[in-house]
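Okay, so here's the structure we're looking at.
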Ligand code: SD4
């Protein structure tokens, strides 16, 4: 709510109609605004923006946004993604709203939209997290169709390639530096996608925050492995008084520092989103050690309650998509720590 004095100051400047267009502030301070990880975020942001531009709720925006990525068989996220080392695609997702409600699913198979199942867990059960067979059973009981257990053509090729060595040495999110088309995620030489997650955070016109995260996890992971993405506090965290943050990259290392929650707590202490992401990344680097850290990637993005946003990467190559107007949906290269 605007304080009276502030309102009068704004009135004298003719700035009281905040409405649904972006409000003016210092660079990188917008409302409504939506951010999402990696290049695929451009297409996802478009769908989220359709919700935000008409005054919709951030929660609906972050669900609708990442469903686009989950839908795309030609992408790193969802059923078209790379399988685990036994050849099965297993999906993780979580969602969190402005009231600190949250829902999560992990190790979910044959369901196209884990993010929407996570939302149902949040809204229809007394729990936060369902995994594996139980999560699938719940999804089916909620009317989600059970899809065929088959790999997409790209994933089949990548898996066959991987089987030649069957080396369990995940190379995650080390980007080829060549910039790809905005809406198409970068592809590895072996045919696999080099990142497998989309995280999205949004601030709506009413000033409420929400976030979502959905992933197939690391390609060729051990069966049953779960990363940071469905873990509230690690992959995603929202505090409507402070801000929201979402993570991507090597999940094990993000879990170790409770990545997203750490960023939000740093913003609570007064750090701007980029500075908070950087500080959390410094903790990750310290925990991992520089030599081991060179072999992995991690990326954080955050929005503060006032609409300021930012991100930070462990290494060069992490980008995120920002959208705050019909004609403002663009990629930002995050600064790297190493
Ligand atoms: C995981 N954080 O499962 C995910 C992977 C990821 O782009 O972000 N890939 O560890």
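Backbone N, Cα and C atoms are what each Cβ position is placed from, and that goes for glycine too.
Pulled from TrEMBL:
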{"type": "ACT_SITE", "residues": "197", "note": "active site, nucleophile"}
{"type": "BINDING", "residues": "225, 226, 227, 228, 248, 249, 250, 251", "note": "substrate binding site"}
With an 8 Å cut-off on Cβ-Cβ distance and a minimum sequence separation of at least 6, pull the same-chain contacts of residue 225 (substrate binding site), or say none.
84, 217, 218
Three-state secondary structure of residue 225 (substrate binding site) from DSSP?
coil
Length of the line joining the Cα atoms of residue 197 (active site, nucleophile) and residue 226 (substrate binding site), in Å:
13
Go through the binding-site residues 225, 227, 228, 251 and pull out the ones with a Cβ less than 6 angstroms from some atom of ligand 1.
227, 228, 251
So the record assigns 225, 226, 227, 228, 248, 249, 250, 251 to substrate. If I measure every Cα pair among those residues, what is the longest distance in angstrom, as a whole number?
16
With DSSP assignments reduced to helix, strand and coil, which class does residue 197 (active site, nucleophile) get?
strand
At a 10 Å cut-off from the C-beta of residue 249 (substrate binding site), count the other C-beta atoms across all protein chains.
28
Through the lens of DSSP with three states only, how would you label residue 251 (substrate binding site)?
helix
